[in-house]
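A.B. asks: So TrEMBL has the following annotated:
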type	residues	note
DOMAIN	71-170	domain 'tRNAHis guanylyltransferase catalytic'
DOMAIN	176-261	domain 'Thg1 C-terminal'
DOMAIN	310-437	domain 'tRNAHis guanylyltransferase catalytic'
DOMAIN	441-547	domain 'Thg1 C-terminal'
TRANSMEM	129-146	transmembrane segment
Amino acid sequence: RSKNKRKQTVLVKKCTSMANSKYEYVKSFELEDEVMFPNLIVVRIDGRDFSRLYLYLFVEDSLLTSLKHYRFSQVHEFEKPNDEAALNLMDSCSAAVLEEYPDIIFAYGFSDEYSFVFKKTSRFYQRRSSKILSLVASFFAAAYVTKWKEFFPQRKLEYAPSFTSKVVTCATPEVLQVYLAWRQQNCHAKNQYETCFWMLVKSGKTISETQEVLKDTQKQQKNELLFQKFGINYKTLPELFRQGSCLFKTKVEETVKHDENGNPVKRLRRKAVLVHSENIAARSFWNEHPSLYNDLGYFTKDIGRSEPDFVRSFQFENKLLPLTWVVVRIDGCHFHRFSDVHEFEKPNDEKALKLMNSCAVAVLEEFEDIQFAYGVSDEYSFVLKKESELYKRQSSKIVSPIASLFTSTYVTKWGEFFPQKVLKYPPSFDGRAVCYPTYKILLDYLAWRQVDCHINNQYNTCFWMLVKSGKTKTQSQDYLKGTQAREKNELLSNQFGIEYNSLPLIFRMGSSVFRLKESAAVENGVVSGKKLRLEGEVVVDHCNIIERCFWEEHPHILSYS
């Protein structure tokens, strides 16, 4: 640590030139994943480990579940086969997504999944697939946590949920029609099967007996089973269960204010409405809503049963190169506004940074394949081990659960770090995955991020000290224009009595998150002091990762073991 401390002054002086030369090349490894026009963009999200019948394990005809699978609905004691409050929560989160993102015109969902359709002219996030799918999953997860108490006032949210997401590109409105028909047919089939399944289980049959009874049964046979054995007419079950839910934007008249005489002043605005329809892919449903056919296109004919393989061929999937270092980087969306609204301290809010670190720790604890993470401000980079086969290296399925788990954890833990502040609206993070082919390039990427941390922190410290001293933001920007690291240090020292190198390490170095190879003493989150941490435990440190000495002292972090 003393060796690192002696190098810190030299490190800061080197940062500006290094940022623009030595490490900038790593940006060239980022690949474009733009969804080209005229394709329609559909983002489908699925609850991660929410509820899947095929994840049951059987031991002596008893139902067991893996701790990593099928846990969310079981832990939270959702009713089987359908929990109406849970479905209403999903619908409410989807409505929030439509309100948040004007480019999303239509949404359809059932169980723990939802599909969001963007208008055909959308240029949202430059149509970059990874950004779009991660942002939708992230915001949905944040809304889910935020709204939990509204739908389950007597039930504690035991842990933060997460969602996977993917992009489906629909070349024409006809492909979109087939996609929607496929998802609603899946809703019908799944609900009918699970209704039979759980009624049989509740009647006393074992899991294996129930599966055997339902094996190879057709739709009509399941309907007869429900009616004859349990007196249930399947067609009279709630539409929410049988048909799923769809939301779309339409113009509604709302009172915006009252005039001097107390009369309401009304305006038309686009608002998401929730409906249940027997066939959302039917012309009679689609073409009667101008907001749908104007923004997405007409359905010219009705279709029969869709072929899933045909629709799956349009999934926009990027499989990451094998035996490369995969880095998933997430960034806060509009966090300048978020930090202003929540009155974060300037230039650094230590509580906000520690909240980010706590979320990163949760991500490492959830995903064993993540070996290291580095964070600064509102961003975090997660490094997967080189040989990782997580989600078969499908980019969307790696990025989305990391972004959504990070976000839902942020909302869940907000009160721990800001007990006196109300979270006024949920945050969101976008993400991307980048492959780095060699160990050296990976370390250069991490060095680039820490160099950026130094430069931004030094600038922001000067900027906000000038603002607090009475200058306007424009005057402060002009004052700092063209200044070098040495000049900024002198400014802080001479005008404000601040020695930059004495500022807290968390501000200057950022935060590194990794697992300990062996037991070590840790004090205040920094490996060294008093609190004993066990082998394999995830810890946070604030250290120099630009110099190779850190990696030489911790060779296990990026090892193959």
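Cβ coordinates are placed from backbone N, Cα and C, and glycine is handled just like the others.
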A.B. asks: Report yes or no: does the domain 'tRNAHis guanylyltransferase catalytic' (71-170) come within contact of the domain 'Thg1 C-terminal' (441-547), defined as 3 or more CB pairs under 8 Å with a sequence separation of 6 or more?
C.D. replies: no
A.B. asks: Which numbers of helix, strand and coil residues does DSSP report for the domain 'Thg1 C-terminal' (441-547)?
C.D. replies: 56 helix, 18 strand, 33 coil
A.B. asks: I'd like the per-state residue tally for the domain 'tRNAHis guanylyltransferase catalytic' (71-170) from DSSP, helix first, then strand, then coil.
C.D. replies: 48 helix, 22 strand, 30 coil
